[in-house]
Amino acid sequence: RCVEVFYIYFHAGRVEEPYVSITKKRQMPKDGYSEEIEKEVGQAEGKLCTHRSAFSRASVIQAFLGSAPQLTLQLYICVLQQEITAARSIFMVLSLLSIVYGALRCNILAIKIKYDDYDVSVKPAAYLCIFMWRSFEIATRVTVLVLFSSVLQIWTLPVVLVNFFGFFFYPWILFWQSKSPFPENIEKALSRVGTTIVLCLLTFLYAGINMFCWSAVQVKLNDPDLINKSQNWYRLTVYYMLRFIENAFLLLMWYIYKTDIYLYVCAPLLVLQLLIGYCMAVLFMLVFYQFCHPCKKLFSSSISEGLLSCFKFLCFICKPPKSTVLTDKAEVKSENTDEARSSSKTIDSQKGNPHQSVSSNA
């Protein structure tokens with residue numbers, strides 16, 4: 001692909017192309033009005049766009065199936081050996097930048113797939129927010145996994161397998177619940193077995209991404225494009241809440257069972273820094289969706305409204321049912337009325353006693 005890209009790029013414009021295709025894109029709505037723009041795309045430009053999208057997907061695969069395990073392993077070795085060499089630190093920084101770049105490309109791909117009909121232009125502020133969001137999220141996640149695995153090696157594999165297979169089977173469970181027919185239009189040359197293998201590889205990559213950070217591209221097997229194009233704030237909120245609880249639990253286990261290799265480490269301060277780092281990632285995510293998202297004008301609801309509705313829903317779940325509340329109130333009212341009646345009877349009896357005594361004396 002690289003050789004073909006350079007060949008097309010340096011030979012573009014020298015020979016007149018036999019045909020061009022016309023694409024129609026809509027601009028972002030301004031004052032409620034959206035204009036449609038037609039653009040001619042030559043054969044060379046179309047091939048370059050195809051190669052660019054392929055490079056973007058390859059960077060995501062390389063980041064989460066190559067650099068992420070490599071960074072975790074290198075940091076684990078540094079913790080056990082209690083030293084960080086210059087070469088190893090350089091490789092860890094490069095691995096972290098590779099993962100962050102893959103996550104950033106995943107966000108941009110998700111935006112372009114969901115809003116394919118619009119001419120999307122991402123501003124530098126959006127890139128900066130995504131970079132900070134993904135840097136804090138991935139760095140804290142890898143550190144938490146390494147700290148936990150350094151003291152509880154036996155429980156590392158169950159934690160990893162539960163996370164991985166949970167995200168791997170989640171799209172399949174939703175597909176079986178929808179009772180949709182098996183997707184046959186992925187590739188005409190593929191058989192049913194080949195299509196199943198492709199879908200398994202797709203969900204494998206999806207699980208690998210969600211192990212370390214939120215996957216901006218949500219897999220939906222019953223959709224023709226295999227991508228969920230709706231913006232689901234509930235799923236996003238639940239993911240970050242559960243991930244924060246999991247990170248806090250893993251850090252608590254590390255704090256309880258930490259060994260002598262952490263003798264010169266201030267454990268409470270490190271736990272606090274990691275939790276604050278994850279909260280910073282969530283903060284940059286909120287800033288991106290609220291202010292810097294290139295298609296925020298197309299949202300049916302903003303991120304603040306979505307989070308508010310999520311919290312209302314969670315509060316509604318946590319509240320006791322109305323029937324129990326009404327029965328409790330009825331019981332309290334009945335008790336109050338019984339007490340009032342008994343108190344009134346005692347008052348009447350106390351008032352009647354002097355009359356009785358006077359009559360008896362007479």
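Indices start at 1 and increase along the chain as displayed.
Yeah, the Cβs are placed from backbone N, Cα and C, and that goes for glycine too.
The compositional bias 'Basic and acidic residues' annotation in TrEMBL covers 330-342.
Annotated compositional bias 'Polar residues' per TrEMBL: 343-362, in sequence order.
What TrEMBL lists as region 'Disordered' is 330-362.
Look at TrEMBL and you will find 86-104 (among others) tagged as transmembrane segment.
Among the features that TrEMBL reports, transmembrane segment is placed at 154-175 (among others).
The transmembrane segment annotation in TrEMBL covers 196-217 (among others).
According to TrEMBL, the feature transmembrane segment maps to 237-257 (among others).
Per TrEMBL, transmembrane segment is recorded for 269-291 (among others).
Only residues 6 or more beyond the boundaries of the transmembrane segment (196-217), in the same chain, are considered here, and those with a CB under 8 A from a CB of the stretch are 60-61, 64-65, 68, 99, 103, 106-107, 109-111, 113, 134, 137-138, 141-142, 160, 163-169, 171-172, 183, 186-187, 190, 226-227, 236, 239-240, 243, 285. Non-local neighbours of the transmembrane segment (269-291) in the same chain are 125-126, 129-130, 132-137, 139-141, 143-144, 214, 240, 243-244, 247-248, 251-252, 255, 302-304, 307; each lies 6+ residues outside the stretch with a CB under 8 Å from one of its CB atoms. Sequence-distant contacts of the transmembrane segment (86-104) (same chain, at least 6 residues past either end, Cβ-Cβ under 8 Å): 59-64, 66-68, 70-71, 74-75, 77-78, 127, 130-131, 134-135, 137-139, 142, 209, 212-213, 216.
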